[in-house]
Amino acid sequence: MNSPASDETAPRRNRRKVSRKNYDENAMDELIEKQLGGKAKKKYRTKQDLEKETETEALIALSVGFPIDELLEEEIRAGVVRELGGKEQNDYIVVRNHIVARWRGNVGIWLLKDQIRETVSSDFEHLISAAYDFLLFNGYINFGVSPLFAPYIPEEGTEGSVIVVGAGLAGLAAARQLLSFGFKVLVLEGRSRPGGRVYTQKMGGKDRFAAVELGGSVITGLHANPLGVLARQLSIPLHKVRDNCPLYNSEGVLVDKVADSNVEFGFNKLLDKVTEVREMMEGAAKKISLGEVLETLRVLYGVAKDSEERKLFDWHLANLEYANAGCLSNLSAAYWDQDDPYEMGGDHCFLAGGNWRLINALAEGLPIIYGKSVDTIKYGDGGVEVISGSQIFQADMILCTVPLGVLKKRSIKFEPELPRRKQAAIDRLGFGLLNKVAMLFPSVFWGDELDTFGCLNESSINRGEFFLFYAYHTVSGGPALVALVAGEAAQRFECTEPSVLLHRVLKKLRGIYGPKGVVVPDPIQTVCTRWGSDPLSYGSYSHVRVGSSGVDYDILAESVSNRLFFAGEATTRQHPATMHGAYLSGLREASKILHVANYLRSNLKKPVQRYSGVNINVLEDMFKRPDIAIGKLSFVFNPLTDDPKSFGLVRVCFDNFEEDPTNRLQLYTILSREQANKIKELDENSNESKLSCLMNTLGLKLMGANSVLDTGGALISVIANARRGRSRSHVVAGQCNLPLNPLHFN
């Protein structure tokens, strides 16, 4: 049997394997060094040398996701060359591949543009800049957690401020990248730890200790996988998940290899037939589930007719449900495997010591506030505002990385509401469930030679219960075993007592090993997951549900109003339901935020719309009870702070109110408490002297209601909320480095 890929990405189907070399990062280092002549330096090279070097670098670029002789769509959109398809494009590709190969040769160093100039002719200077900038700002080079990157990270942010909601892989990747771009960043995380759905549980004590993955576990394919790069930077060994995966029937007997092979062959043939059927059905296939089509074809072609074969067939169905974190009755027959062409090649690996080592390295040094579940996200042309409990956080932009399950539950209120197109995509996509029972035992009773083994179940409805076991003893530091629960069984798992679940899984293990004379002891410690009822996830990972398609992943990735951005595994059409997909989405959004910030900076003189969080009614209500009223001047401030530097508003009424109440002109401006006190302390009692101080001495400019809403909408929102008695405190993204000025993003 082929081993499943991971609890996040088991193979979408069981394929016949093609023999190929495993991708070895260290071997690739040696190859690059050999081809490039060691450290970068100018040296005489023959035409044959250059051709061989170019070919080698093209293969390296191919291994990390670049086409050998074409541009990526992102490169075309970025305008890296003036004309497509000509000599300039070919030259650009050679330069691009060279830069990629140089950095992949040593991912622990920050590759400088000047280093590229040492090995590329000055005739291609414009291509060096185009390729280097594209690769740098799109997260293809100089990304990750290398300690040697520190000198190249700006100490103070100058590009703007960003709030990142969620400290999972997507949020951490984006935050680190944004800091390297020069942004001020603040990460808000609802849990007490980083990682999100990547969670390494430390089990046991002094004598028996193990690190077990309760969430995402396997690095699925090293080719082009950024998590493999992080492991290299941290010098963490990777353990290849071995292919051997024996299956045991419900009586604990090893399944006959011939029968196993025959059923697997029939299963794969049916999946091939599904592809043929949906092509014939065209649009009608969008309305039918994969489970419905598979069962119809199984009966039609007489696959798995007897009870023993049916149990084997059900095991493969459970494995498919595991791969998609969803019941086959929910998966789209038309698009369930739409990401197959983008699967990363190479070995599937465990990370020695657990994935927490990657998570901790990514989180190190980031400004993260834990225990901050977000209630409301407000966004508009003036900036963004995040409400978490009794606190308000403000910034220029916000990146939301919460799981799709949280978005489906409407746990976060968006003001204004998300576009209907995006909300519809959220509703259409599926978000399924995978649960686990993690057990630490006194010894490795299952043997050292296995990383996985499977178990058949008696009934189809229960096919996903403890159907697969992962052995972590090779990488966890102790004799740990994890049982997986998929499909309908994963849903029932949520409401079953842990003691009952443990009894069932031990019964299954003792049924396998007892007849062999192997004693299965009680575990030292057991943990049962509950991802479906976790209010910070409401499930495990996404899939394409009936009525949905890969386009919905793209819609989820769309930004809103150049202020609100989205990342996470459910926002990547090519790599959904994977750890590396989440990480790559964070890099993608960091790049997008940088481009938008540059665009906004270059268009500051263009008129902007009013900050969406407040309106004229809010403004008028505030001045019904001003903090200070002096003649025609009224002042309002945030009651939660007495800081002289804190900002408020002043309203000046120009009217003939006594004669005609409708004849009133009201103008506004923003000022500090300190400035208001100067006006208040004037000896003269006339309105004219105070107005002169306001405009001439202090140099403040009066404006109409619409203009002050445009300019100070975020400030007005903060003051209004505080004056309503909501007792919220105000924090600006990157507060340690930012002035406490709510208008810093204007």
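The backbone N, Cα and C atoms fix where each Cβ goes, glycine too.
Residues or ranges marked as FAD binding site in Swiss-Prot: Glu189, Arg191, Arg197, Glu569. In the three-state DSSP assignment, the secondary structure recorded for Glu569 (FAD binding site) is helix. Around the Cβ of Glu569 (FAD binding site), 31 further Cβ atoms fall within 10 Å across all displayed protein chains.
Per-residue pLDDT, averaged over the domain 'SWIRM' (51-152), rounds to 94. As annotated by Swiss-Prot, domain 'SWIRM' applies to 51-152.
Taken from Swiss-Prot, the feature region 'Disordered' covers 1-26.
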Arg197 (FAD binding site), number of other Cβ atoms within 10 Å: 23
Cβ-Cβ neighbours of Glu189 (FAD binding site) (radius 10 Å): 27
Cβ packing number for Arg191 (FAD binding site), 10 Å threshold: 18
Extent of the FAD binding site in Å [max Cα distance among Glu189, Arg191, Arg197, Glu569]: 18
